[in-house]
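Listed features, source TrEMBL:
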type	residues	note
SIGNAL	1-40	signal peptide
DOMAIN	41-184	domain 'Plant heme peroxidase family profile'
SITE	Arg78	site 'Transition state stabilizer'
ACT_SITE	His82	active site, proton acceptor
BINDING	Asp83, Val86, Gly88, Asp90, Ser92, Glu104	Ca(2+) binding site
BINDING	Pro179	substrate binding site
Amino acid sequence: MWPGHHKHSSVQSSFRPWLPLPRSLPLALFLLLLLGSTAAELSTSFYASSCPGLFSTVKSVVRSAISEEKRLGASILRLFFHDCFVLGCDASVLLDDTPTFRGEKTAKPNNNSLRGFEVIDQIKNAVEKACPGVVSCADILAVASRDSVVILGGPNWDVKLGRRDSGKASFSKANKDIPANPIT
Ligand SMILES: *[C@@H]1O[C@H](CO)[C@@H](O)[C@H](O)[C@H]1NC(C)=O
């Protein structure tokens, strides 16, 4: 963990000054806890240092998707809306069904109705290329929704970030909590 730590046993004497370090371990843990608690708050600068290109990366993929089909902008916003209605904005709507897991994709308000998953996949791929393993899908959905609205001529807003993706989903809550489609 510490630079040069692996050399410790072979050149022990030159590393004496490092020896008292373990005593500050409780302090280090305490600072980590503090960091953890501030990270629990959403912030517009959440990825400012870990993924500075996030906003431009998301926007360029959304822009090219919308230039191919305008309606995709509305579809992305609706994805976000349907995600947030079930257990919060945690990207659970993106989870595919498996033999042992039932997600929200086939719930009545979503089945054969939600669109734009492939755009979110494209954005995720682009973001992963720029900053591997950093940005949550829930945050990508939130930023892509804002960008969709702005690109289609709607209002702008600052998107606070720091959401965590959930491994849980709820088929029954998706059926119960998402407002019914007034058209069908
Ligand atoms: C979802 O739609 C597919 C295709 O129309 C259908 O076969 C399936 O039964 C639907 N799933 C649910 C849970 O209603």
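Yeah, the Cβs are placed from backbone N, Cα and C, and that goes for glycine too.
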Nearest-integer angstrom distance between the alpha carbons (Cα) of Glu104 (Ca(2+) binding site) and the residue listed as 'active site, proton acceptor': 9
Non-site residues, in chain order, whose CB comes within 8 A of the mean position of the CB atoms of Asp83, Val86, Gly88, Asp90, Ser92, Glu104 at Ca(2+): His82, Cys84, Phe85, Leu87, Cys89, Ala91, Val93, Ser166, Ala169, Ser170, Ala174
10 Å Cα neighbourhood of the residue listed as 'substrate binding site': matching recorded positions from Arg78, Asp83, Val86, Asp90, Ser92: none
Whole-number mean of pLDDT values that fall within the domain 'Plant heme peroxidase family profile' (41-184): 96
Cα separation, His82 (active site, proton acceptor) to Gly88 (Ca(2+) binding site) (Å, whole number): 9
Neighbour tally for Asp83 (Ca(2+) binding site), based on other Cβ positions within 10 Å of its Cβ: 28
Euclidean distance between Cα atoms of His82 (active site, proton acceptor) and Asp90 (Ca(2+) binding site), Å: 11
Most crowded position, judged by CB atoms within 10 A, among Arg78, His82 as recorded positions: His82
The one of Gly88, Pro179 whose CB sees the fewest other CB atoms within 10 Å, among these binding-site residues: Pro179
Rounded distance in angstrom between the Cα atoms of Ser92 (Ca(2+) binding site) and Arg78 (site 'Transition state stabilizer'): 14
Arg78 (site 'Transition state stabilizer') versus Val86 (Ca(2+) binding site) - Cα distance in angstrom: 13
Residue counts (helix, strand, coil, in that order) that DSSP gives for the domain 'Plant heme peroxidase family profile' (41-184): 68 helix, 4 strand, 72 coil
